[in-house]
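Novice: As annotated in TrEMBL:
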| type | residues | note |
| --- | --- | --- |
| TRANSMEM | 32-52 | transmembrane segment |
| TRANSMEM | 156-174 | transmembrane segment |
| TRANSMEM | 194-215 | transmembrane segment |
| TRANSMEM | 227-248 | transmembrane segment |
| TRANSMEM | 260-281 | transmembrane segment |
| TRANSMEM | 288-309 | transmembrane segment |
| TRANSMEM | 315-332 | transmembrane segment |
Amino acid sequence: MIVIDNLSAEPPEPVRGDLWRRGNVCCLSSRWPLLLCMLVLIYGSHAPLIALTQSDGRVPYSPSSCVVLIELTKLLVSTATLLATKGGSALCGAPVRWVLALPYAAPALLYALNNNLVVYMQAHMDPSTFQLLSNLKIVTTATLYSSCLGRRLRPVQWLALVLLTLAGGAHSYSSLDREAQTGPEGHRGPRLHVTGPGLLLLLLYCTASGLAAVVTERALKGQRLPLSLQNIFLYGWGVAINVASHMGGVGEGRGFLEGFSALVWLIVIGQAAAGLMMSVVMKHGSGILRLFVISAAMLVNSAFSWALLGLQLTPLFLLPTGLVALAAYLYYR
């Protein structure tokens, strides 16, 4: 857990030696590069690690159990951090108004909604179409970020976000399994399928994803509270909602810890750490910075898949790599 001393609602003023502040991003030079690199590596390794746990194309554990443990780990680490830092000392003897936790219910519910939408959308589109079109959440997040938080973006920044969306689309297209989707006449090429209701569900998914990011950022920056306490509020709701979801699904017919291996526990620890670090980004950075982290992680994911799973990288991989780099340059220059 990275602790930043300034925990006020307003971002700290930049000082000599700090990274520049541009596009509503304020970074501490000595910590942010390491933080962002760790986030990119953890998010990028997530899918390859899940693939390594699979047996006969299926994971041997309950995914909902994994999510519950990730949320519980973040909650426990946040509690320990609050008690071990001056934030805990400041709260000793002072009653906490738990009404302050209410704003964090909204992002928890939105994230839970998105998790369920992903499942329902599979009946209305193929996985490749979902992977390709879900990049539109970059546009919805940026639009909601600008309209709901009142953050005006310059034209060049909008161009950068369009390039970031195109990078996601190009990467998704280059990742399509053309061998498995050969047409009936033997022609090669991806065959995409989506229904009308599928498009509506996709629009809801992208909107909920952007709204969850905006609501989270607004809650974290709108309260003058220690970040660890805010994380307790956020992940407390996350644990409650995901436990209810797990019990409603009866754990997919598996025991709570059935099929857990050392690799699965590594996934739990990694995703918990990534969630805690991302809360630092949302508190002291912005939801737009989160989009760049996720896009960079997309490229790292391909590199890990090549190294660990033996998947081939095509020359088209260079296109999204260049687009992400160009988008980052244009947005933050």
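Note: Cβ is positioned from N, Cα and C throughout, glycine not excepted.
Map these features onto the structure and tell me what's around them.
Specialist: Here the transmembrane segment (156-174) has Cβ contacts under 8 Å with residues 23, 128, 131-132, 135-136, 138-139, 142, 190, 288, 291-292, 295, 298-299, 302, 314, 316-317, 319-321, 323-324, 326-331, 333 of the same chain, all six or more residues outside its ends.
Within the same chain, residues 103, 106-107, 110-111, 113-114, 117-118, 120-121, 124-126, 129-130, 133-134, 136-137, 139-145, 148-149, 282, 287, 290 sit at least 6 positions outside the transmembrane segment (194-215) and bring their C-beta atoms closer than 8 Å to a C-beta of that stretch.
Note on the transmembrane segment (260-281): residues 1-2, 4, 35-36, 38-39, 42-43, 45-46, 49-50, 52-53, 60-61, 65-66, 69-70, 73-74, 77-78, 220, 227, 230-231, 234-235, 289-290, 293 of its chain, located 6 or more positions outside it, place their CB under 8 angstroms from a CB of the stretch.
Proximity of distant same-chain residues to the transmembrane segment (315-332), defined by a Cβ-Cβ separation under 8 Å and at least 6 residues beyond the stretch ends, is recorded for 22-23, 25, 156-157, 159-161, 163-164, 166-168, 170-171, 173-174, 288, 292, 295-296, 298-299, 302.
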